[in-house]
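Visitor: First the structure, then my questions, so here it is.
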Amino acid sequence: MPAGGRAGSLKDPDVAELFFKDDPEKLFSDLREIGHGSFGAVYFARDVRNSEVVAIKKMSYSGKQSNEKWQDIIKEVRFLQKLRHPNTIQYRGCYLREHTAWLVMEYCLGSASDLLEVHKKPLQEVEIAAVTHGALQGLAYLHSHNMIHRDVKAGNILLSEPGLVKLGDFGSASIMAPANSFVGTPYWMAPEVILAMDEGQYDGKVDVWSLGITCIELAERKPPLFNMNAMSALYHIAQNESPVLQSGHWSEYFRNFVDSCLQKIPQDRPTSEVLLKHRFVLRERPPTVIMDLIQRTKDAVRELDNLQYRKMKKILFQEAPNGPGAEAPEEEEEAEPYMHRAGTLTSLESSHSVPSMSISASSQSSSVNSLADASDNEEEEEEEEEEEEEEEGPEAREMAMMQEGEHTVTSHSSIIHRLPGSDNLYDDPYQPEITPSPLQPPAAPAPTSTTSSARRRAYCRNRDHFATIRTASLVSRQIQEHEQDSALREQLSGYKRMRRQHQKQLLALESRLRGEREEHSARLQRELEAQRAGFGAEAEKLARRHQAIGEKEARAAQAEERKFQQHILGQQKKELAALLEAQKRTYKLRKEQLKEELQENPSTPKREKAEWLLRQKEQLQQCQAEEEAGLLRRQRQYFELQCRQYKRKMLLARHSLDQDLLREDLNKKQTQKDLECALLLRQHEATRELELRQLQAVQRTRAELTRLQHQTELGNQLEYNKRREQELRQKHAAQVRQQPKSLKVRAGQRPPGLPLPIPGALGPPNTGTPIEQQPCSPGQEAVLDQRMLGEEEEAVGERRILGKEGATLEPKQQRILGEESGAPSPSPQKHGSLVDEEVWGLPEEIEELRVPSLVPQERSIVGQEEAGTWSLWGKEDESLLDEEFELGWVQGPALTPVPEEEEEEEEGAPIGTPRDPGDGCPSPDIPPEPPPTHLRPCPASQLPGLLSHGLLAGLSFAVGSSSGLLPLLLLLLLPLLAAQGGGGLQAALLALEVGLVGLGASYLLLCTALHLPSSLFLLLAQGTALGAVLGLSWRRGLMGVPLGLGAAWLLAWPGLALPLVAMAAGGRWVRQQGPRVRRGISRLWLRVLLRLSPMAFRALQGCGAVGDRGLFALYPKTNKDGFRSRLPVPGPRRRNPRTTQHPLALLARVWVLCKGWNWRLARASQGLASHLPPWAIHTLASWGLLRGERPTRIPRLLPRSQRQLGPPASRQPLPGTLAGRRSRTRQSRALPPWR
């Protein structure tokens, strides 16, 4: 069904297929209520189609929290549909009628708790093993399918007619494992289930814990902590150790099985599959043990109901002649206890044992409206019958009740079908024989019509019988207890709702705070991203500006380079033209000169003249060509040189520009990083403040919810105390009514053999007048009896109920507890009466209230005076209590000792198989343990210690004369020290064995394996033994051992006068200078250890070579003003200025001086090299004395104060450039010197 659907809606096909469409009232007949629980009621019914007997569980889903109830019903139906195992209850179907779900299952005779109810004794161990084996098989089936029962207890372990053990009541079960909900019955809950809401999930091992508690319940008739409030039991289960079997009569297999089931850590607890292989459940046992137990229980139930029937008939027929007078209500009240005594539990709250008091949502939600919605027609019929009975008189009403019980008795062996035509109740052959007693008249004078009508109504109600192991009084008592315990279930459900509400409130608060944190982080992230985006935009803008500057500078440099080259080329052209012009003029002049020379010599032939002139011209042209070529070569070299120089200047200028731009970029980035860091720090502070506020809000909410929870728990505890007081009043009033009238007459008589009561001590105050002689009216007598038997025992009952919880309450809470109880706490004068009245209870209660069994917390707080002062047990009270308990019985103000046989007869003890001490029951032949006497501890004798010290000193003196006996002294010293430490003879023998084994193993290792000489091994053994003896004697404070050794060695050497004097002087020096030497050695040792590897240091530290005292001495700042840090911080070492310098300190000073001189020499050589000529620098570099310094590529950042965020400063134009071609000038930079 979807979460938002209506309860009872079948629109969802998956939900609709879970329920049958038929009308259950037409399919099932003879519905009779056979049990009650927190879920509602269980009815016996018969299927009209095949006459099969079934059990119907009616669960209402109307009223408050109807959706939750509907979901729980769907969950249980789905769970039951999946079960297919002989050890689980069989599912027959589920029907819907008038907002009530009819869950039909197979019918079982009863539960394991019914066995305890009927027999009033624990089960035998073989019976517990059989029941546990069947339950384990069912749990193993559930756990193998990832299912958890979560409510395993004796009340949910059912027994069928064939003797099968079946698991029932799956209202708290979980289909998915692991689970994390707080579900189950408090006393059977596992610790992980109790802590599931706070700590995490659990699995099927919680059923193993519940099974262990169920074993204790079957062995002791009640689970552990059963006398405690349910809420208090939850805290004890979660915090205390696991419970164990109290009696010592059980076998070791059973004890081991229970201990295995009750392992506190779930990982150590075995699974159900593993427990099926345990010897406790696999031991041989009779195959019919369950059948025999069922048959014996049926016989006991028959005897109980027959006894109840005889008592009721005797009372009714004896009082019948008096008519419906004033004595009838009184007799009804006297008959009422018999109805309850037949099936009364000895525990304080029987409602926890029989009905399923689950804390699941289904059980809580269906516990209130189950009766009203399930049996409207039956209630109308019962009202009509009650009106008729009121008209007919009390005799007819009691007779109808009696015959109802009779009909229930007669049908325990088989299912009987009676003919509808028979209208006589005694025509049934299975009715018990009722022999008339001598006191019974042959015919009752009551009207015949009244008796016959009552019989007819009883027959109509019980015309068909059914097999069961539950008495009629038990069923009626369960109905009454269900009505009484509805407040408790509502209290538990309210507590669970409060826990759920608190958890939802915390989850809502955490989700809201998580949303605030996410919103805060998103806002901070947006702010950071916006700032980073702004920084990115600024960086891109700066990069574009730098790129524009670089491109502009590059274009300008290229233009200037082209102009520079054109200028040089123009000059070179002019030089070449001038050269060519000069060559022409020179050629003409030379040509004229040659012609003149030829004319001066006319004898030369003309041809020769022409040839000579031609040669001269060629030579001249060749010279001119060479000169022109040389000029061109020089011009080219000059052009290349000038170009290289100009490019170098331009590159240096570009490099300086790039450095300026890069410096500006880095400064900008550093500024942005500083701003981002400041923003992150501010955001971190804001986030930390927000988290601190949220943590404070969460802590305040948790504290408020915890306070509300504690207030609710305290209110529940006070309400529980009030309810227990009311129950105790009713119980004591019933006990007073059950006592013979002779006891009331002898109430003031003193039993023989008791001393007179001491005024102001235990017991009621003595006024000097006998109780018989004191005038009192019948009403005052009843009030006196109620006060003596009711109010005085309420305080003891409250003290027993509270237990350790009451002892651990604060005085303010105890004062509130006393005020809320409605009656003032008893004064110290009433302690005797408290104990007296409590002794006259049941045997289990008497054993629990023995004074020696009280813990100091329970014994210290007894009551509270009206003025608010607390009274404590005194020594006089304890002595009086001890004296009274030693007598075997105590004085009671209104009761006398009743024999145990009479009590059993009045209580209607069942006739069954007797129990023996082997079953876990206390033997009646064993007398009760006397209270322990408080003896003053006597002082321990010092003689054994003196003897051991003297023996060790003597052995040391004897061994000192011969060093070869040192290993023997060690072997003797080890067992003596072990025995002296409290181990006894066993420890001494173990120490001697260890010493011998160690000596033998060392001999085998050293002499046999390593071939060590025997003399060397003996010397090594003597040294080791000497060190061990001295160490052991020093550790155990046996100073006689080293003194004996030293004395023996001194006496063995006669000439020891001078050595003794030297030793005395050395001892004086050691006493004076010893601490300083020890500190120095310790510091040196620690410094050596600290230079080791971490693994070696850790190993030595584990061996004890490093101590905290030495570390604190080495690092004094870690132990400043009493504060010891875990991180050693080296502090300044305080030195005495008068002491001489350490040699290492002098070497360090020399090293510092050498480094200073080296640095000065390097600076001087660098300055000298800057002033040397180039050839000298090249010569020294070729020799290897100098080397060139490479300029770094990392720009030098300016300090924060000198940073300029604006554009770089204007630069002067480079030398050699035109001044008028740029609008801004640029400063020239000097070239760095050559290194």
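Note that Cβ sites are derived from N, Cα and C of the backbone, with glycine treated the same way.
Per Swiss-Prot, the feature phosphoserine maps to S9, S181, S414, S656, S777, S825, S827. Residues or ranges marked as ATP binding site in Swiss-Prot (evidence: sequence analysis): I34, G35, H36, G37, S38, F39, G40, A41, V42, K57. As annotated by Swiss-Prot, region 'Disordered' applies to 318-457, 732-777, 804-835, 891-939, 1198-1235. Sequence annotations record features per position, and here Swiss-Prot assigns compositional bias 'Acidic residues' to 375-393, 899-908. According to Swiss-Prot, the feature coiled coil maps to 486-547, 574-601, 681-713. If you look up Swiss-Prot, you'll see 766-777 marked as compositional bias 'Polar residues'.
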Visitor: By a Cβ-Cβ criterion of under 8 Å, what residues six or more beyond either terminus of the coiled coil (574-601) are in contact with it?
Guide: 609, 612-613, 616-617, 620-621, 624, 627-628, 631-632, 635
Visitor: In the three-state scheme derived from DSSP, which category covers S9 (phosphoserine)?
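Guide: DSSP assigns S9 (phosphoserine) to coil.
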Visitor: Starting from the Cβ of G40 (ATP binding site), draw a 10 Å sphere and report how many other Cβ atoms land inside it.
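Guide: Taking all protein chains shown, G40 (ATP binding site) has 28 Cβ neighbours within 10 Å.
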Visitor: Which has the fewest other CB atoms in a 10 Å radius around its CB: I34, V42, the listed binding-site residues?
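Guide: Checked I34, V42; of these binding-site residues, fewest Cβ neighbours within 10 Å: I34.
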Visitor: For S9 (phosphoserine), identify the closest of the binding-site residues I34, H36, G40, V42, judging by Cα separation.
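Guide: Checked the binding-site residues I34, H36, G40, V42; minimum Cα distance to S9 (phosphoserine) goes to G40.
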Visitor: What is the Cβ neighbour count of S9 (phosphoserine) at a 10 Å cut-off, with all protein chains included?
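Guide: Other Cβ atoms found within 10 Å: 12.
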Visitor: Would you say which of the recorded positions H36, S656 has the most Cβ atoms within 10 Å of its own Cβ?
Guide: H36
Visitor: So among H36, G40, V42, all listed as binding-site residues, which is physically nearest to S656 (phosphoserine)? Use the C-alpha atoms.
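Guide: It is G40, whose Cα lies nearest.
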Visitor: Translate the DSSP assignment of S656 (phosphoserine) into the three-state scheme.
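Guide: For S656 (phosphoserine) - judged by DSSP and reduced to three states - the answer is helix.
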Visitor: Quick one: mean pLDDT on the coiled coil (574-601)?
Guide: 86
